[in-house]
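Asker: To start, I am sharing the structure in question, which I have written as structure tokens.
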Amino acid sequence: MWYNNSAGPFLLTGFLGSEAVHYRISMSFFVIYFSVLFGNGTLLVLIWNDHSLHEPMYYFLAMLADTDLGMTFTTMPTVLGVLLLDQREIAHAACFTQSFIHSLAIVESGILLVLAYDCFIAIRTPLRYNCILTNSRVMNIGLGVLMRGFMSILPIILSLYCYPYCGSRALLHTFCLHQDVIKLACADITFNHIYPIIQTSLTVFLDALIIIFSYILILKTVMGIASGQEEAKSLNTCVSHISCVLVFHITVMGLSFIHRFGKHAPHVVPITMSYVHFLFPPFVNPIIYSIKTKQIQRSIIRLFSGQSRA
């Protein structure tokens with residue numbers, strides 16, 4: 001059954017009962033929004049302009065920054081619209097589209113996996129690095145990661161169009177999440193309970209296992225290096241990536257746990273966890289790489305001091 005076009009739009013709620021402080025909350029979100037745009041935008045400009053950053057690792061970082069910007073662009077305008085302008089209504093199609101674009105979380109997981117592969121190649125077979133990760137191969141990997149994310153979530157989103165919706169039109173958050181929308185469906189939603197578990201297991205959690213295995217091999221290689229200074233230099237290459245992996249997967253597991261087992265948790269807990277999941281990684285990723293990657297630090301200095309690019 002196709003969803004009822006005559007049914008009213010969904011209503012975004014969010015921080016119910018705290019309307020008096022919506023302005024303060026929105027200002028905090030606006031600062032985070034600006035920081036995400038500035039941080040990831042600056043990273044993209046650096047990689048675009050600085051020829052010394054035209055290497056596979058930085059191309060993958062550019063993909064990560066693009067993904068973080070996409071997540072933010074599709075979430076924050078809706079959030080700010082609810083908090084500042086009280087624009088709570090959202091059409092079914094717009095809601096489903098927003099849920100679809102949230103598949104960028106799976107894309108981000110794939111990019112973090114690819115960055116682990118990049119680190120693995122750089123440390124295990126450094127002399128063959130440029131032969132293995134050619135520009136065409138980097139492009140194909142990026143397209144593959146993007147297609148995997150979108151295609152894996154497509155069955156869930158298409159199923160949303162097939163359900164009738166009745167009863168309350170209120171959604172828990174200030175943006176559309178599949179876990180939230182499906183609760184309003186008046187039909188058998190067994191598929192929408194089982195498929196996300198399989199999907200997440202075969203993408204995000206499998207990616208995490210492969211990353212762990214790759215770092216076990218990386219550590220074995222590094223421990224075989226005679227010089228302690230060279231060990232530290234090799235590991236420092238991957239510290240920023242490990243930090244981003246931890247940030248992403250901790251927030252994913254937190255959000256999944258809350259939606260699966262936190263039915264009796266206070267209203268504000270799942271809402272806060274969803275914001276942490278969608279905003280914290282895009283906020284900290286450029287900071288982590290700027291602090292831990294010397295090439296990016298030098299590029300930032302050249303950019304803001306007006307020096308010629310490498």
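The count begins at 1 with the first shown residue.
Every residue, even glycine, has its Cβ placed from backbone N, Cα and C.
Since the structure is predicted, the reported quantities are computational estimates derived from the model, not experimental observations.
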Asker: Would you say Swiss-Prot puts GLY14 and ALA187 in the same topological domain with respect to the membrane?
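Answerer: According to Swiss-Prot, which assigns topological domains, GLY14 and ALA187 fall on the same side of the membrane.
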Asker: Can you tell which of CYS95, CYS186 has the least company, meaning the fewest other C-beta atoms within 10 angstroms of its C-beta, among these disulfide-bonded residues?
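Answerer: It is CYS186 that, of the disulfide-bonded residues CYS95, CYS186, has the fewest other Cβ atoms within 10 Å.
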Asker: Taking 3+ C-beta pairs under 8 angstroms (sequence gap of 6 or more) as contact, is the transmembrane segment (98-117) in contact with the transmembrane segment (24-44)?
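Answerer: They are not in contact.
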Asker: Honestly, do the transmembrane segment (24-44) and the transmembrane segment (271-291) touch, with at least three Cβ pairs under 8 Å and pairs 6 or more apart in sequence?
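Answerer: Yes, the stretches contact each other.
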Asker: Between the transmembrane segment (271-291) and the transmembrane segment (235-255), are there three or more CB pairs that fall under 8 A, provided the residues in each pair are separated by 6 or more in sequence?
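Answerer: In this chain the transmembrane segment (235-255) contacts the transmembrane segment (271-291) - 3 or more Cβ pairs sit under 8 Å.
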